[in-house]
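What follows is one structure encoded as structure tokens, with my remarks underneath.
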Amino acid sequence: VLSAADKANVKAVWEKAGGNVGKYGGEALDRTFLSFPTTKTYFPHMDLTPGSADIMAHGKKVADALTLAVGHMDDLPGALSKLSDLHAYKLRVDPVNFKLLSHCLLVTLACHLGGDFTPAAHASLDKFLSSVSTVLTSKYR
């Protein structure tokens, strides 16, 4: 459960990322594919060359979904219900991949935000991404 301090930290990090969240999402997805090549299996239809337009576009989709989640931290299941259905029933993404992408997003944000990515912000964002992952995999039964 996210505390009030966690929610404030997550909102602060997301605001600092500002208009770059789409770019950071693409970079995090790139980092995931490079670090964990098995994650590429879900994207046979995409150009997975590092920095490709396909990766950047999907990374922006990820970032947009996270922006939605940041705005609905008190009701993540409601806000992410359609995405949960998509990932569980249609795409059938292995739940471990959400953890891998979350890790790569944390690394990406740390690289870009520097001193603004404090240990407290890191911990709060990690909890937030874990909560998002839990919601996205909640229908995997």
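Every residue, even glycine, has its Cβ placed from backbone N, Cα and C.
Owing to the predicted nature of the structure, the values given are computational and were not obtained by experimental measurement.
Taken verbatim from Swiss-Prot:
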type	residues	note
DOMAIN	1-141	domain 'Globin'
MOD_RES	S3	phosphoserine
MOD_RES	K7	N6-succinyllysine
MOD_RES	K11	N6-succinyllysine
MOD_RES	K16	N6-acetyllysine
MOD_RES	K16	N6-succinyllysine
MOD_RES	Y24	phosphotyrosine
MOD_RES	S35	phosphoserine
MOD_RES	K40	N6-succinyllysine
BINDING	H58	O2 binding site
BINDING	H87	heme b binding site
MOD_RES	S102	phosphoserine
MOD_RES	T108	phosphothreonine
MOD_RES	S124	phosphoserine
MOD_RES	S131	phosphoserine
MOD_RES	T134	phosphothreonine
MOD_RES	T137	phosphothreonine
MOD_RES	S138	phosphoserine
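Positions of the features from Swiss-Prot, shown on the structure.
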{"residue": "K11", "record": "N6-succinyllysine", "DSSP (3 states)": "helix"}
{"residue": "K16", "record": "N6-acetyllysine", "DSSP (3 states)": "helix"}
{"residue": "Y24", "record": "phosphotyrosine", "DSSP (3 states)": "helix"}
{"residue": "S35", "record": "phosphoserine", "DSSP (3 states)": "helix"}
{"residue": "K40", "record": "N6-succinyllysine", "DSSP (3 states)": "helix"}
{"residue": "H87", "record": "heme b binding site", "DSSP (3 states)": "helix"}
{"residue": "T108", "record": "phosphothreonine", "DSSP (3 states)": "helix"}
{"residue": "S131", "record": "phosphoserine", "DSSP (3 states)": "helix"}
{"residue": "T137", "record": "phosphothreonine", "DSSP (3 states)": "coil"}
Looking at the recorded positions listed here (K11, Y24, H58, S102, T108), whose Cα lies nearest to that of S131 (phosphoserine)? S102
Pick the one among the modified residues S3, S124 whose Cβ has the fewest other Cβ atoms within 10 Å in this structure. S3
Relative to the Cα of T137 (phosphothreonine), which of the recorded positions K11, K40, H58, H87 have a Cα no more than 10 Å away? H87
Other than its own, how many Cβ atoms are within 10 Å of the Cβ belonging to S131 (phosphoserine)? 19
Name the residue among the recorded positions K7, H87 whose Cβ has the smallest number of other Cβ atoms within 10 Å. K7
Going by C-alpha distance, which of the modified residues K16, Y24, T108, T134 is nearest to H87 (heme b binding site)? T134
Taking Y24 (phosphotyrosine) as the reference, which of K7, S102, T108, S124, T134 (the modified residues) have a CA within 10 A of its CA? T108
Reduced to three states, what secondary structure does DSSP give S102 (phosphoserine)? helix
Fewest neighbouring Cβ atoms within 10 Å: which of the modified residues S102, T134? T134
Going by DSSP, give the three-state secondary structure for H58 (O2 binding site). helix
What is the number of other Cβ atoms found within 10 Å of the Cβ of S35 (phosphoserine)? 12
Looking only at DSSP and grouping its letters into three states, which state does S124 (phosphoserine) belong to? helix
For S102 (phosphoserine) and S124 (phosphoserine), the CA-to-CA distance in whole Å is 13
